[in-house]
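Listed features, source TrEMBL:
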type	residues	note
DOMAIN	22-345	domain 'Gcp-like'
BINDING	114, 118, 339	Fe cation binding site
BINDING	143, 144, 145, 146, 147, 176, 189, 193, 310	substrate binding site
Ligand code: KG4
Ligand code: ZN
């Protein structure tokens, strides 16, 4: 059963062809370079780039070897698309294309929740059917991305219970904002990781760990960002100055465009600042995960989303789960940590088995704040 899946939830235009849990092709056209200078994703730029690129990405995914008639499109059984959560104007582009393809090829349409996609990214296989890992419910899932930080009990296919989430910024967003304050550009997570790798004493500054004393499983990262800001300010670390009056409407990340290269040397080592901030975020994630393991008594973890590209975080999660004789699953390949259509296709495969199709294709609409 072949599925053509589309994800345009944020700043990657992605299309995949999947077969059950196998990925036959997956193309991601990243917009990172377009958004970089604004220090975050600009909705109007994202929308235009998705529109300009979507046909090219569909074609590339359908005949990955190039040229001729689309090889895979002929054998497609269903079309799948991300309905939300995400950026409204970006989601719209993928949904429009999915409707158009469903109509043209007379295929049924499957709407997928992007967060479900992230959870299933731990079970995606390559075209050879590897890794073989099977489902063994229940799992405790932690989604950590630029937009989400959520604990979910994954009880069975399509059965979720959210037991904790961020009350303000997501973990990835906190990393992005800290990197921005340091003048390191966007996205911040990978840059902080590179700098932190060179540091031996990982937690020299010991920044505050938010919400660790609270009894629940919620997170809050905006206070950490604020205390980091005041720390830099009070130590005369020059914070990059926004360029006034040039930003397109609707910039995210409290964003004003930033000029790169504006930080002077602070009295603190940039690598130590990066490492200590990263450590504060990760330590919070680990301690809350430990609390969640105790609360749910589930020792099978799924940790997914852009931030698990980070090797330090993976190590800390592995160390934690060892204490509980459990197992932690990450996305099966690195490209599956960030946004991609392959994970959407895999969810759609399970939905097709249960005949969960969109009933009225014409009325399918984006849900920017869709939850699990
Ligand atoms: O899942 P994702 O690609 O997009 C969303 O759905 O939000 O996640 C993007 C987030 C960004 O905040 C980015 O800084 C973070 O993932 N990220 C990382 C790393 N690579 C990406 N954070 C820490 N270490 C990394 N290596
Ligand atoms: Zn995502």
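Each Cβ is built from the backbone N, Cα and C atoms, and glycine gets one as well.
On the structure: features taken from TrEMBL.
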| residue | record | DSSP (3 states) |
| --- | --- | --- |
| 114 | Fe cation binding site | helix |
| 143 | substrate binding site | strand |
| 189 | substrate binding site | helix |
| 310 | substrate binding site | coil |
| 339 | Fe cation binding site | coil |
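Excluding 114, 118, 339, which define the Fe cation site, the same chain contributes 7, 9, 82, 86, 115, 117, 121, 145, 305, 340, 343, 344 within 8 Å (Cβ to the Cβ centroid), listed in sequence order. Residue environment of residue 114 (Fe cation binding site) contains 26 other Cβ atoms, counted within 10 Å of its Cβ in all protein chains. Reported as a whole number, the C-alpha separation between residue 143 (substrate binding site) and residue 339 (Fe cation binding site) equals 12 Å.
For the binding-site residues 147, 189, 310, a Cα to Cα distance of within 10 angstroms from residue 339 (Fe cation binding site) holds for none. Local packing around the Cβ, expressed as the count of other Cβ atoms within 10 angstroms, is greatest for 118 among the binding-site residues 118, 145. Only 145, 147, 189, in sequence order, out of the binding-site residues 118, 143, 145, 147, 189 have a CB under 6 Å from ligand 1. Only 145, 339, of the binding-site residues 143, 145, 189, 310, 339, place a Cβ under 6 Å from an atom of ligand 2. Cβ-based neighbour count (10 Å, all protein chains) for residue 310 (substrate binding site) stands at 23. Averaged over the domain 'Gcp-like' (22-345), the predicted model reaches a pLDDT of 90.
Among the binding-site residues 147, 189, the residue whose Cβ has the fewest other Cβ atoms within 10 Å is 147.
Residue pair residue 118 (Fe cation binding site) / residue 147 (substrate binding site) shows a Cα separation of 12 Å. If you take the Cα of residue 310 (substrate binding site) and the Cα of residue 114 (Fe cation binding site), they are about 21 angstrom apart, rounded to a whole number. Between the C-alpha atoms of residue 189 (substrate binding site) and residue 114 (Fe cation binding site), the distance comes to 21 Å. A Cα-Cα distance of 11 Å separates residue 147 (substrate binding site) from residue 114 (Fe cation binding site).
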